[in-house]
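As annotated by TrEMBL, coiled coil applies to B:1-42. Under the heading ATP binding site, TrEMBL lists B:Gly90, B:Asp111, B:Ser118, B:Asn119, B:Leu120, B:His121, B:Arg122, B:Lys135, B:Asp179, B:Asn180. Residues or ranges marked as Zn(2+) binding site by TrEMBL: B:Cys228, B:Cys231, B:Cys312, B:Cys315. The active site, glycyl thioester intermediate annotation in TrEMBL covers B:Cys245. Feature annotation from TrEMBL assigns domain 'Rhodanese' to B:363-456. The active site, cysteine persulfide intermediate feature in TrEMBL is assigned to B:Cys415.
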Amino acid sequence: MARDVFCDINAAPEAMQSLSGATSSFFPQYSPTNLNNSSGPDNITQIARYGIRGEHFDSGGVHASGGLEMLFSDERKHKLSVPPRDNQGKAVTVGWLVDYLCEEVMKDSRKEMFVLDGHVRPGILVLINDADWELEGESSYALQPNDNILFVSTLHGG
Amino acid sequence: MEAATTSASALRAQIVATEQELSKLKEQLAKIEEKETSVNEIPVEPVTSKWPLSQEEYTRYGRQMIVPSIGIQGQLRLKNAKVLIIGAGGLGCPAAAYLAGAGVGTLGIVDGDTVELSNLHRQILHTTARVGMKKVDSAISYLSSLNPNPTYTPHPTHLTPSNAPSILAPYDVVLDCTDNPASRYLISDTCVLLRKPLVSASALRTEGQLIVLNHPALPAGNELGGPCYRCVFPKPPPVESVVSCGDGGVLGPVVGVMGVLQAAEAVRLICGGGLGGSGVEGRKEGNRLLIFGQNGEPQFRSLKMRGRRKGCFACSGEGGLGLESLSSGSLDYVLFCGLSAPVNILHDDERILPRDYDEVKKKGGEHLLVDVREKVQFDICSIEGSINVPFSRIQRGEGLGDGLGEDERPVYVVCRLGNDSQVVVRKLKDAGLERVVGDIRGGLRAWRKEVDASWPEY
């Protein structure tokens, strides 16, 4: 059944930033490895896990709720592993995560239901560790290990 | 049979009329009783008693009065409070019931709708016998029988920019129990202008959200005031992302929980004594958004929200919102939030009337009927021989699925109302699937009207 889509982000330590083989088109410097997910609660869908020099790191999780999970194959909770740096060597931010979710995780063709005109669409709140991302620097917030990112679509019914 | 139907409908009409008459009588009685009490009890100290409440009230409210956060002071504040509930639906019904029960002095209810059968699973003030009655009258009829003490004020209308200021003005606290973005912006703006704290909630399917806005209700421009709806949502969501309870469904207890929480917040605001906008209470606890998800982990999450937004159109004092611009109608909230126009993206020759499709079916022509409703709806009822390919699956670009995509039979597409089916036809044709003939105009609702009167309408 559908659940909150939340992102727990467990970013890798900075030391892990050197790169290995390229297979992912989106982040060619990281190669997905098929590792069994041994930690985390049930119902977490492992979306991607990237190994770097034989090491890997987990994300906490990404949650979507308020109907948003429908865009993510009806899964509310996504556990991700993210690289410590993007392909330009910059710290990986929530903005990066939004692009990543949109490009790599979201199967639905209605991308504009998540990202509109380059921004998270109106009506979606982004929460970083249960706080409005506007309190945390919005899209420029650099992901930290075990961060928990929640995307909530506002409801209007009553 | 026809005679029976006629007499049944006459009886129903009579029941409705009698119920209305009864609720009017009760209201008159309540008013007279209130006058009697107020005559006897002016000032707050009753002439006949040295106690501020009647014995009936001490007994009725005793269980909550001995709760330390309420006390006699809280009870008297409740009695003096005027609360407006906008929307007598899934949120407004439970909220109103608890506030009436708690002894709020004046309870206003705004709703322009009438009770429908499909409301009853969640709108707990209404009854089967009151289907067709105005919701405000039905609600007040229940509330007066629950607790005759409060003054109940019906506002049997939809809230508009021109009537909102005068409707809201007499009240101390407002509960937004409506179901669409346009009214949420309108209510929030009016609350900012009139300096009323706003308890806003919403629900859909198995989830709900609750936020207290504009508390403390300091004047626009004072950044210590609580954020308004526009601070949290400066831009309305795209129309196509807004899902109503009618389209998405909603669970009674879920929306009920949110309405009950609204009542709890209102009681807290009133008994806390911070309604004058003195400023402190709201800040101490911070601004929170509570989200509830029946299947969530955890089920409740309290999220920390921002304060007032600099440059906010409504509450920054520099955005240009004013009572005059509101009442003059120069702000069009419906336009602001967008109109959901019916989908009309197919040519006439790509659409087939239900009765014409029925002919195709009866002639036994080889074809495929694809029903694009979500599986949960398809399971409720489906046209014999149709196959289910949910809209969401097609949106994920998975096409018609294994075995169906390869075949040569002409394809017809149907959905509930005839909107999604058009989108799917266009999408499939654009993807080069030439065997797609078109959609069934008006969907299964039209199918029921034109072809199969037994079709279950849910």
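Yeah, the Cβs are placed from backbone N, Cα and C, and that goes for glycine too.
All annotation found in TrEMBL is predicted automatically rather than curated by experts.
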**Q.** Which listed residue (B:Gly90, B:Cys415) has most other Cβ within 10 Å, given these are recorded positions
**A.** B:Gly90
Q: Please report the number of other Cβ atoms within 10 Å of the Cβ of B:Cys312 (Zn(2+) binding site).
A: 23
Q: Compare the Cα of the residue listed as 'active site, glycyl thioester intermediate' against each of the recorded positions B:Gly90, B:Cys228, B:Cys312, B:Cys315, B:Cys415 and report the nearest.
A: B:Gly90
Q) Quick one: which residues besides B:Cys228, B:Cys231, B:Cys312, B:Cys315 have a Cβ within 8 Å of the Zn(2+) site's Cβ centroid, in sequence order? A) B:Ser188, B:Val192, B:Asn214, B:Pro227, B:Tyr229, B:Arg230, B:Arg308, B:Arg309, B:Phe313, B:Ala314, B:Ser316
Q: May I ask for the distance between B:Ser118 (ATP binding site) and the residue listed as 'active site, cysteine persulfide intermediate', taken between their Cα atoms and rounded to an integer number of Å?
A: 20
**Q.** Where B:Asp179 (ATP binding site) falls in three-state DSSP terms
**A.** coil
Q. Quick one: of B:Gly90, B:Ser118, B:Asp179, B:Cys228, B:Cys245, B:Cys415, which recorded positions have a CB closer than 8 A to some CB in chain A?
A. B:Gly90, B:Asp179, B:Cys245
Q. Over the coiled coil (B:1-42), what is the model's average pLDDT?
A. 72
(Q) Tell me which of the recorded positions B:Gly90, B:Leu120, B:Asp179, B:Cys415 ends up closest to B:Cys315 (Zn(2+) binding site) in space, Cα to Cα. (A) B:Asp179
